[in-house]
Ligand code: ATR
């Protein structure tokens, strides 16, 4: 029987993970079966116990269960501890292990675009879970300074205070979205504005050389404003593939090349 994998969430129908993992499997010659699992909101623990109890190898976790997955794990990677969220699960020595591959997925997607991260100054708009998950991997990839701009300043300040000690080699700064000024190498939209169809208005004076939208397949006022500035842009499909590749390599010991899938 082929190795069993799954993605768990609620809703789950929209997930592209099965098609991605089957494409990686085909490319690397690994035989696997990757399914979607819809868990009721109060049924996450029972669902993963059933999956791993019946021989499942690895599971991806999506909305709204990433924090619950974090709480369930006996062993966590450093980046998962910092993200306080887990998107990749596996069993090892009878213990549930958890990692968070979202941030590395973003780093790999940016590298696949041939945008530099070393010694750069990055703007991240938004101060929710998406931002929390990517700061540590960005700093490990060589980013020198990260400014977190948020509509609600207190949330950005809290996030920066929380993460400061985890990334002593970088400078972290919080700012209110309305006070945002400066010149950045890359601006990243980590807000949920595009997902909810809301506009995200950037100050006219704000400058950046590249723009990355974490959402994908949705109209993005962030990307529209970036295009008006004439800078290279990307939406988050590369990040989605990148996080999936990183999970695949944890479970299977082989890392497919992101450039083969974008
Ligand atoms: P996620 O886990 O995806 O990061 P979240 O924790 O709900 O989701 O955070 C959503 C982020 O998008 C927040 O930073 C939110 O700003 P506030 O903290 O001020 O709520 C931001 N956001 C959502 N819609 C926005 C909009 N229309 N304009 C600006 N920021 C927005």
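Even glycines carry a Cβ here, placed using N, Cα and C.
For the NADP(+) site that TrEMBL gives as 78, 126, 127, 128, 129, 130, 150, 151, 152, 153, 154, 155, 236, the extra residue drawn from 1, 214 is 214. TrEMBL assigns the feature coiled coil to one of the listed ranges (90-117, 146-173), namely 146-173. Regional average pLDDT for the domain 'Shikimate dehydrogenase substrate binding N-terminal' (7-89) in the model is 97. With every protein chain in view, the residue among the binding-site residues 152, 243 whose Cβ has the most Cβ partners within 10 Å turns out to be 243.
Under DSSP, the residues of the domain 'SDH C-terminal' (236-259) split into helix, strand and coil as follows: 18 helix, 0 strand, 6 coil. Of all the binding-site residues listed (127, 154, 214), 154 has the fewest other CB atoms within 10 A of its CB.
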